[in-house]
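Let me begin by presenting the structure, written as structure tokens, before commenting on it.
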Amino acid sequence: MQITLADIKRGQQAIITDVSSIHIPLKLLEMGCLPGNLVELVQVAPFADPMYLNINGTHLAIRKETAIHILIDITNA
Amino acid sequence: MPKQINVALIGNPNTGKTSVFNALTGLNQKVGNYPGITVEKKEGVCKLPRGVKAHIIDLPGTYSLNASSLDENVVIELLLNKNDKDFPDVAVVVSDVENLKRNLLLYTQIKDLEIPTILAINMSDRMTYKGIQLDIPLLEKELNTKIALISTRKNKGIDQLKELMINFKELSTKPCVNASEIDTNYFDSLRNAFPNQLLYKLWLVITQDVNFGKTDRNEVDAINSFKTKSKADLKRLQQKETIKRYQFINNTLKKGQTIDLKSAKDLRIKLDRILTHKVWGYLIFFVILLTIFQAIYDWSSIPMDFIDSVFASFSEWTKNTLPQGAFTNLIAEGIIPGLGGIVIFIPQIAFLFLFIAVLEESGYMSRVVFLMDRIMRRFGLSGKSVVPLISGTACAIPAIMATRNIESWKERLITILVTPFTTCSARLPVYLIIIALVIPEGRFIGLSYQALTLMLLYLIGFGAAIFSAWLLNKMLKIKGKTFFVVEMPNYKLPLFKNVALTVIEKTKSFVFGAGKIILAISIILWFLASYGPGDEFNNAEDIVTTEYASKDLTAQELQQKIASHKLEHSFIGIAGHAIEPAIRPLGYDWKIGIAIVSSFAAREVFVGTLATIYSVGSDEEETIKNRMAGEVNPILGGPLFNFASGISLLLFYAFAMQCMSTLAIVKRETNSWKWPTLQLVGMSAFAYVVALIAFQVLK
């Protein structure tokens, strides 16, 4: 099974491997959510949603329904 | 050298673009609307050296030239339309030194439009703190431009920026990235079809659904017919374009920027551990909310009382000084109280915007959006709906205007529709007088019943908003992408100048925007209350004088009786009588009917109308209260204002849509009569039913 950004735990770092350009708003891609970029989970709101992420130096919050369309490789467990 | 040049300020949100605008223009700015749409247009004038003036237009913050909201449409619409009178001679892209990489994306896109572009790197004072070093000459060469390193906080670099603006003709208009490489065949065929057009402009027009200005309309239609690729293909190409731009940016920054990670201390993460914490985060938010409420009700009551008394004595003075007649009455009883009704809200609105501006400027508001999103989403709202719902406690008008940054149309529409349920300040005078009348004095664990009732009414307002949002979410069948992306900016100490300018600007827009409507309605109400058909109205003086001839009334008392008689038979009075059968089951008589009819324009009119109808000289609450307490229910006997009818009236005012100005704003923001009509009918019907049940159960 492939790991998506929705599965990332706090303190873990990951590399984005693929994004589904149909499900992800272009705006998010433009903010740096692109394959090859580093992503880290900073904080989660109660009920684990939305997620507060640091993607490529940009700090932003997205909903889990968006995060499941972003594939990642976890680089530190 | 022209004496006036057009400058457009463009940049990502949270880059301090507004600070740059404020630093350049100071108080020489004005806010308007773009023709035909509701997006705010900020313009200002900046004096450049050598007698040149710059007309500066502050464009809405945007991450790229691919628009996803009305605000962002404005940016590309202007940049693509050379015939627009605001078309910039030079574009200034404002960027934040810490997010240079992301900000340069927008920069390279604007460069591709071949507009002379200056890169202004803001917040340069944070460079050492963050361990960032920039090789400016190298970056200028790679990016084909001139760079101004500025700090609005330390007031540095602004003069250099002005100097660059004057010399805009020396800037290169060569693009940075060759976007056509993402699909050579497609772009070649585009070039052949439209040989006279800028290729990147064509690409932008093809890839988005923008309302272009009339000037380019025909051209755009021709281009639209050239959409040979499917939407998904186009989106994939846009993604390719974005990757390509980032490749260029990464290469450039590798050479021109060094970041020493060891010296980067991230305050943001540390503060966020607390401020977005599952428990502490909510607790802090709650304390901030309480402070805001305290300010709005407690601190602003002093200036409000002062304004109230000034307008009352001014009205009195006018009546005594000017020659008697209809015109004097119009001024003294229509226009001055109308103006007073607007001015009295200034302290509350100013306090509210002061807090909101500080919270926005500091970066805290994004954290609230983050904390509340999940909870609000259950009811079909967005985390971003929190701001309008809080603002609604002062006034629904600015609150509804604050929904503009919600991306999803459904979430935004629901927020607009439910915001008027939150207890706005205009309900307060009505609540206070009725509570004083029907809720007994006494205490429950140290809290007075009356204060508890007031608090309960606020909670009911919020509850109604949330409940109706949930209902609308189930009922409204609006499809559309509902995505949610919020940037969590760095925390910043708000700049006094920015906060002050925001407060002044928003208050001004309330006074002149909503003010016009409130004033117009006050005049109409005055007219309807001052004129009536038939002898009962026209011969009121004779009738009343004859009726009370035997009784020993002072001249003043007689005047008040006449005024009261006139009001009863005026147009409004007739309407009040007419609706009496409908409101009797709620426990009201025709006098309350008149007050309800007149307060459909604006709730706070209620108290003033009762003052006239009970022929009380002034709208002194104590006197009105005594009169109201003495009223007898014509059908049931006993006091008219008892517990049952009082609660019924409170609930009616809590739910009914009695504010023309709000309806006008909703019409403007939704661009249709459908939604304000739905609001008026739906809320009023709900109010009626609830009030009816309350009275019938309690009586």
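Heads up, the Cβ atoms here are built off N, Cα and C, so glycines get one too.
Looking just at the domain 'FeoB-type G' (B:4-171), the mean pLDDT is 89. If you look up TrEMBL, you'll see B:4-171 marked as domain 'FeoB-type G'.
Within its own chain, the transmembrane segment (B:279-297) is flanked in space by residues 348, 351-352, 355, 359, 364, 367-368, 371, 390, 393-394, 425, 428, which lie at least six positions past its ends and keep a Cβ under 8 Å from the stretch. The transmembrane segment annotation in TrEMBL covers B:279-297 (among others).
Cβ atoms under 8 Å from those of the transmembrane segment (B:339-359) belong to residues 288, 291-292, 295-296, 299-300, 303-304, 307-308, 311-312, 315, 365, 368, 387, 390-391, 393-395, 398, 402, 425-426, 494, 498-499, 502-503, 506-507, 510-511, 514-515, 518-519, 522, 602, 604-605 of the same chain, restricted to positions at least 6 beyond its ends. Taken from TrEMBL, the feature transmembrane segment applies to B:339-359 (among others).
Here TrEMBL flags B:413-439 (among others) as transmembrane segment.
Per TrEMBL, transmembrane segment is recorded for B:451-472 (among others).
Here the transmembrane segment (B:510-529) has Cβ contacts under 8 Å with residues 329-330, 333-335, 337-339, 341-343, 345-346, 349, 395, 397-398, 567, 570-573, 575, 598, 601-602, 605, 609, 612, 660-661, 664-665 of the same chain, all six or more residues outside its ends. The annotation transmembrane segment is assigned in TrEMBL to B:510-529 (among others).
Sequence annotations record features per position, and here TrEMBL assigns transmembrane segment to B:643-666 (among others).
According to TrEMBL, the feature transmembrane segment maps to B:678-698 (among others).
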